[in-house]
Structures are given as structure tokens and as C-alpha cells.
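Per Swiss-Prot, the feature nitrite binding site maps to His65; the stated evidence is similarity to another entry. According to Swiss-Prot, the O2 binding site annotation covers His65, on the basis of similarity to another entry. The feature heme b binding site is assigned by Swiss-Prot to His94. Positions annotated as domain 'Globin' by Swiss-Prot: 2-148.
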Amino acid sequence: MGLSDQEWQHVLTIWGKVESDLAGHGHQVLMRLFQDHPETLDRFEKFKGLKTPDQMKGSEDLKKHGVTVLTQLGKILKQKGNHESELKPLAQTHATKHKIPVKYLEFISEAIIKVIAEKHASSFGADSQAAMKKALELFRNDMASKYKEFGFQG
């Protein structure tokens, strides 16, 4: 299920655009996640009080966490599938401490695709979208495998 060199090129090219504004992209991704899937808010103690889009827009903590999420994902994507050393500690905290279900990783992947498509429509065509979806699926599958190693069925 690996990606071809060309697919990784698509992923990393669009990711460069994401990295040009990690705070903006990350904030929008988390807002989209929480608006589309409000049940995910239950996993974030410090964000539970954010009920409206305006509250989410005004949250510096949400913006900071968005940067953290996309920074970590960027490190993983740049490894082009050889991400064991980056993925293992992330999977461990998400499995044992935060208890984030794999389904929620699917939800955030959808949010990432939607936000990139909205912000970079002209650069995120069908080939780039397909490659990014495939890269995020690889990430989720590898997270799910690691979850099992840590005894979390997610």
C-alpha cells in the first residue's frame, strides 16, 4: 500500500503550502473536525467549552494545538512511509494516554483534505488529493497497528 515516488512528490508539494501557514491550517483543521464530529471534543479536556465557531476561532489554545498536530504529521509525511521512529511515540501517547480511536484519525484526515482543498484548490487537483488520501491512510493503518502493540484496540 506504499506510495510511488510521484505520489510522495504530490504529497510533499502540497504539504509545503500547508507549512507556509501551519497555524492557519491547523486551526481550521481542528475547527472542521470539531464542527463535523462534535463527539471528538470529548477527548480534549481543554477544548470542551468551545461550542460555537466563534469560540473556536478565538481560541489561541486551539490554534497552538493545530500547529502541534500538523507539525507532527508533517514530520511523518516527510519520511515517505519510513516513519517508525516518528510514529511510535505518537501512537503510544494517543493509545495509552489520550485514547484516541482510529475512527477519529479518519475524521481528522477528512478535515485535512477538506481544508487543503478549500485553501489550495488550484494546487490540489485529483492526483494530489488521491496521493494525500493514500498517505493519510498509510498513517492511520500504521497508527492502528501500533495501537494494538500498546494494547489499545482503538
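Placed from the backbone N, Cα and C atoms, the Cβ positions cover glycine too.
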His65, His94 as binding-site residues, winner by CB count within 10 A: His94
Inter-residue Cα distance where the pair is the residue listed as 'nitrite binding site' and His94 (heme b binding site), in Å: 14
Helix, strand or coil at His94 (heme b binding site) [DSSP, three-state]: helix
The domain 'Globin' (2-148), counted residue by residue under DSSP: helix, strand, coil: 117 helix, 0 strand, 30 coil
